[in-house]
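Just below is one structure, and these are the notes that go with it.
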Amino acid sequence: MQLNPSEISELIKSRISGLGADAEVRNTGTVISVTDGICRVHGLSGVMQGEMLEFPGNTFGLALNLERDSVGAVVLGDYEHISEGDTVKCTGRILEVPVGKELLGRVVNTLGQPIDGKGPINAKETDVIEKVAPGVIARQSVSQPVQTGLKSIDSMVPIGRGQRELIIGDRQTGKTAVAVDAIINQKGKGIFCVYVAIGQKASTIANVVRKLEEHGAMEYTVVVAAAASDSAAMQYLAAYAGCTMGEYFRDRGEDALIVYDDLTKQAWAYRQVSLLLRRPPGREAYPGDVFYLHSRLLERAARVNEEYVENFTKGAVKGKTGSLTALPIIETQAGDVSAFVPTNVISITDGQIFLETDLFNAGIRPAINAGISVSRVGGAAQTKVVKNLSGGIRTDLAQYRELAAFAQFASDLDDATRKQLERGRRVTELLKQAQYQPQQVWQLAASLFAANNGFLDNVEVKDILPFEKGLHDHLKTKYADLVNRIEETKVLSKEDEPALRAAIEDFRKSAAF
């Protein structure tokens with residue numbers, strides 16, 4: 001067989017012309033070790049801090065430690081299939097989660113993936129989980145209220161839109177109950193809610209979701225769940241993912257409320273991740289930047305001005321301010337608020353609601369300690385009618401608790417002291433409230449008005465709550481115009497005051513109290 005040189009050259013030319021030279025330039029590295037969800041990766045010279053890394057099996061990780069000859073990364077999800085020598089690729093993207101109204105009514109994990117079995121979420125947008133908080137110029141002062149529906153909070157420690165109000169207390173003192181009641185009370189008030197569950201039992205999270213569904217609150221709520229069975233990295237990042245979902249509404253001129261339940265477990269998860277990454281431990285074995293962990297998260301809750309919203313939406317939304325209100329929860333050990341994480345978060349937030357085990361066990365629920373609980377900016381946002389009527393309530397309660405402690409040892413008390421103790425008992429009883437029964441502004445106003453004007457003085461302590469319920473029913477059926485006026489205007493005018501007094505006196509005559 002004789003080969004023709006021209007045929008050979010033609011064959012070679014055709015092969016060369018058909019050669020596909022498609023090449024993907026990716027920064028890659030090799031897994032050196034895998035332990036407890038932490039991977040050490042050699043290579044990845046151009047990786048960014050916080051960048052998503054792609055592991056085999058469609059698994060992603062997060063680059064946290066950038067060292068001279070290796071990268072320390074946390075794996076987001078299962079890591080059992082990752083082994084030494086596996087190839088790791090850079091993605092060139094910071095960790096993002098889906099955002100938007102498509103998430104409302106759904107339960108998602110830290111990465112925004114649905115875990116409620118209701119099918120995929122067709123979110124149109126995604127956003128990075130780590131963002132810089134709005135600057136000083138972009139912010140506006142807190143001046144609009146967030147009604148929690150809880151008498152003791154709305155009267156003594158009011159919360160405003162854009163505020164950070166800490167809920168702090170030992171385990172089993174009703175911290176989650178306060179936050180869930182606040183979410184339920186936002187129905188019809190135009191506030192979107194995000195509930196972030198960190199390190200809780202899956203059964204506990206399921207109970208909260210079921211209660212929100214029963215009260216129709218899931219229509220305007222997103223639940224971000226990082227259960228106790230999830231990895232430490234997922235628990236640590238859940239709060240930031242939830243915050244990004246809440247910021248979507250804030251930046252578009254809407255109002256949102258976010259509950260972090262709870263940041264103690266987030267700090268534990270971050271401590272675990274940091275120690276596994278071999279970062280040097282500090283006080284209570286927490287890393288040096290544990291304050292920054294919470295401050296950069298809570299500073300993102302703010303009320304932003306009209307100009308910020310207009311610039312963000314490129315003029316699509318004008319004349320509207322946006323807000324993200326945060327209710328972080330901290331669990332204390334044996335009432336120790338001077339521990340590392342509680343003191344950090346107290347110093348970052350705009351006030352705290354302190355829940356006490358002794359009060360809870362005594363049947364005073366919500367178990368709010370009126371002496372230590374404070375709202376630093378909420379007073380400006382409180383509704384006028386409640387502000388005018390609740391002035392003396394907090395002082396009365398604080399003085400009553402002090403006097404009650406002394407009265408245990410004193411046998412003969414003067415009339416003034418006895419009167420103050422009696423009033424304190426009645427106010428304490430009045431501020432008790434069952435779970436999942438939030439009150440409207442007019443109900444709170446009527447109760448406070450009755451207490452301030454001595455209508456409860458002749459009512460037995462055990463009859464205070466039945467008296468209150470009867471009064472509300474009486475006002476709703478016979479004085480609907482007055483009730484609607486107070487609810488709409490949020491003011492008790494000089495004309496309405498005698499009308500309310502007459503209505504309560506009318507009820508006293510007809511009721512057997």
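Any Cβ shown, glycine's included, is placed from N, Cα and C.
Residues or ranges marked as ATP binding site in Swiss-Prot: G169, D170, R171, Q172, T173, G174, K175, T176. The Cβ of Q172 (ATP binding site) lies under 8 Å from the Cβ of T357, F360, each of these being in the same chain and 6 or more residues away along the sequence.
The annotation site 'Required for activity' is assigned in Swiss-Prot to S373. DSSP assigns S373 (site 'Required for activity') to coil in the three-state reduction, outside any helix or strand.
Sequence-ordered, the extra residues of this chain that approach the ATP site, with Cβ no more than 8 Å from the Cβ center of G169, D170, R171, Q172, T173, G174, K175, T176, are E331, L355, T357, F360, A367.
The DSSP secondary structure for K175 (ATP binding site) is helix. The Cβ of T176 (ATP binding site) lies under 8 Å from the Cβ of V208, D261, I329, each of which sits 6+ residues away along the same chain. By neighbour count, meaning other C-beta atoms within 10 Å, the densest spot among the recorded positions T173, S373 is T173. Sequence-distant neighbours of G169 (ATP binding site) (same chain, six or more apart, CB under 8 Å from its CB) are K175, E331, T332, F354, L355, E356, T357, A367, listed in sequence order. Burial estimate for the binding-site residues (R171, K175): highest at K175, by number of other CB atoms within 10 Å. Sequence-distant neighbours of G174 (ATP binding site): residues of the same chain at least 6 apart with a C-beta under 8 Å from its C-beta are L355, F360, R365, P366, A367, Q435.
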